[in-house]
Ligand code: NAD
């Protein structure tokens, strides 16, 4: 069976890093049909829109999307709906990508890259599952109004609305439990149920869904405590599942535990396992076109693509083992370079991963 992959390189370092991930996917001996299309600023330059209809329908008709990065200062003066970043929002909306998976893995060889003590973070391997399409970010009503009565009567007031529907919580709960099943079978649901009604509801649903996954151990933690535990003892976590607002903050905090933005993959999934896979970093216009960027986050995103959209766990593990082997050999791009290691270009790092795969 042929698997269809839409490759959307985007802007800045996007084309350089997706090229290396494509080479790695192509070397696995699988039946993959990879089709490249423009997105972001590159698509605006060609077609006047960051997400042209042809690119969107290619993505929708594929099993998975491998995405590079979008954005460049030169598009900052465009109207908001034409900016490169709108392409990601458009893809999320059109494909119904409601679950964001961000692993924070710190390879022992890179333990010095973290600002935390190596013994606290070395070997860290956690996965944050963040709900992506609901919560206070999208809740209505929202806006600025004039307060009618009480202490602040007559003043202007900004307001937003936090809510989660039962089906929204259930589907992200299932993603969290199923991800935990593939790992150490421990799921920590993060909320603020001591203060927020929405969070108490979230917690009740998590407990209900847990009955379908008796082999997974469910725990609960308030978000303020989770923020502390992530820097105190991050290795205590396996999978964290949380809402859009808390997940936004905690996933960035977890990413920074590793200290190496060029190493972090991510996935956004919908209910039919279609997904968009991209590095957690941006388009790095400062080093674009110089063959300096670290392609490993994109190569590891390709591994996630195999795991979550193509159900090819063995091939995902092959790629991850090849990346670990390259690091073990002391091969580094500039962003993760340390004394005593060998400095490689983007393409040479791709070559090294291909060699390790074989
Ligand atoms: P950035 O992640 O692009 O870069 C931050 C710093 O990290 C830069 O110094 C960059 O050189 C470095 N860096 C990032 N990825 C690297 C890699 N793979 N290898 C080596 N070094 C790497 O963030 P930024 O500078 O804030 O944003 C640049 C552009 O990217 C902006 O236009 C922003 O809107 C866009 N952006 C896009 C995405 C996305 O496509 N999902 C995400 C974040 C930012």
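Backbone N, Cα and C define each Cβ position, glycine as well.
Here the structure is a predicted model, which means the values were calculated and not measured.
Some features that TrEMBL has for this protein:
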- 4-353: domain 'Isopropylmalate dehydrogenase-like' (DOMAIN)
- 92, 102, 130, 224: substrate binding site (BINDING)
- 137: site 'Important for catalysis' (SITE)
- 192: site 'Important for catalysis' (SITE)
- 224, 248, 252: Mg(2+) binding site (BINDING)
- 282, 283, 284, 285, 286, 287, 288, 289, 290, 291, 292, 293, 294: NAD(+) binding site (BINDING)
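Residue 192 (site 'Important for catalysis') has a Cβ environment of 21 other Cβ atoms inside 10 Å. Each residue contributes its Cα atom, and for residue 290 (NAD(+) binding site) and residue 130 (substrate binding site) these two points are 34 Å apart. Among the recorded positions 137, 192, 252, 282, the residues whose Cβ sits under 6 Å from any atom of ligand 1 are 282. Confidence annotation: the domain 'Isopropylmalate dehydrogenase-like' (4-353) carries a mean pLDDT of 95 in the model.
Between the CA atoms of residue 224 (substrate binding site) and residue 292 (NAD(+) binding site) there is a gap of 38 Å, rounded to the nearest whole number. For the binding-site residues 92, 130, 292, counting C-beta atoms within 10 A of each C-beta gives the highest total at 130. Per Cα geometry, 102 is the residue among the recorded positions 92, 102, 137 nearest to residue 252 (Mg(2+) binding site). Following the DSSP three-state reduction, the secondary structure of residue 252 (Mg(2+) binding site) is helix. Residue 92 (substrate binding site) falls within a helix when secondary structure is assigned with DSSP.
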